[in-house]
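What TrEMBL says about this protein:
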ACT_SITE  Glu79  active site, proton donor
ACT_SITE  Asp212  active site
ACT_SITE  Glu321  active site, proton donor
ACT_SITE  Glu346  active site
BINDING   Thr432  Ca(2+) binding site
DISULFID  Cys275-Cys307  disulfide bond
Amino acid sequence: MMKHAWDNYKRYAWGLNELKPISKQGHSSNLFGNIQGATIVDALDTLYIMEMKEEFKEAKEWVEQNLDFNVNAEISVFEVNIRFVGGLLSAYYLSGEEIFRKKAVELGEKLLPAFNTPTGIPWALLNIKSGIGRNWPWASGGSSILAEFGTLHLEFIHLSHLSGNPVFAEKVMNIRKVLNRLDKPEGLYPNYLNPSSGQWGQHHVSIGGLGDSFYEYLLKAWLMSGKTDEEGRKMYYDAVQAIETHLIRKSSGGLTYIAEWKGGLLEHKMGHLTCFAGGMFALGADGAPNDKTGHHIELGAEIARTCHESYDRTSMKLGPEAFRFDGGVEAIATRQNEKYYILRPEVIETYMYMWRLTHDPKYRQWGWEAVEALEKYCRVDGGYSGIRDVYNNRQSHDDVQQSFFLSETLKYLYLLFSEDDLLPFEHWVFNTEAHPLPILDKEDGNKEETQK
């Protein structure tokens, strides 16, 4: 599958951000401004792990010769961080090739002006030539978004580690300071925070889009620090406690789901993005306070089952973008604009974590169902495409091969069917784009402290 995705990208869209597999041409998302090569950078570590040596070599040569950050364009700080910085860091740690370290640090430096706000909470959008930032016009009252400013931590800690420059780590530690000073409604973190006033915007809370990876990075920051980042640990387990109390519900049919919270009212909807949380709960089970390890594993298993049901209840056996638990429906998308599947990885990601942490064979079986569905409905002549309606057997493709399909979906599938000693959890944590970053020994953490 990786070979089919990569070969077609190379044939029809080489050097561009993504591939349109039906029209067989390049696709450029405005998330990356004028930076090019998203699929190449996102796929580097997958190629390396799958031992696709020739392909890795040509990808590395493209990075050396063509990856250029001196562009006059506005980029998404979050997307460029998780895909480009994350992809370059992992490629460096896996291969030891200096070019990747150099490019990662160079890009990290270009992102620093995003933090030039009154609070140090970064802007969502940044012109990397002028250094001028702003927020998404649709975000509540000019706010920055929790999942965006909360998903820089792992990469920026590694940028300080690799460059010897403490500024990266200082920027993300300051975000924690701001968050810790604020009152949390019911112990929950709203999705919107104004970078000028340092106050919350609308009190919307989600473990799906706009919130998701903030929680993931609290847990992973603690794991990545060799379990020395006590603040990250406490913030994570406190947040999970509030999520359990206020957002996790069970449907009448016995499916556990995570609802969205809107100023105290629950919307009984769960997004595909939220399905990552099964893997997160399981990964965090080992460190859970007061004998809650089994409970967190169980929670992970229940979320995995619900998300599998969201796949199983479609005609294509691929999950919709969002599914609901109200008006007599369970784990089904009821709105046309939520019935699409864009090659997302979160459900497969949770299967991979659940497999590694429990070795229950059903997770491999569920992963294989997804493989068969991807092959049947998403594979086309020119690569892999997303689907507009997973409930309709008449295929309608969206004509985009997302870079995260190569970075995440195929990597997590490969790891689900590999031995546990390939990227073992005791040595690696995955960033939210599935880029593996090494756990820093306790000594490394202390080195950083003394540098400050």
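Just so you know, the numbers here start at 1 and follow the chain as drawn.
Glycine too: its Cβ is placed from the backbone N, Cα and C atoms.
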By CA distance, which of the active-site residues (Glu79, Asp212, Glu321, Glu346) lies nearest to Cys275 (disulfide bond)?
Glu346
At the Cα level, what's the spacing in Å between Glu346 (active site) and Asp212 (active site), rounded?
11
Measure from the Cα of Asp212 (active site) to the Cα of every one of the recorded positions Cys307, Glu321, Thr432, then give the nearest.
Thr432
Measure from the CA atom of Thr432 (Ca(2+) binding site) to the CA atom of Glu79 (active site, proton donor) and give the result in Å, rounded to a whole number.
10
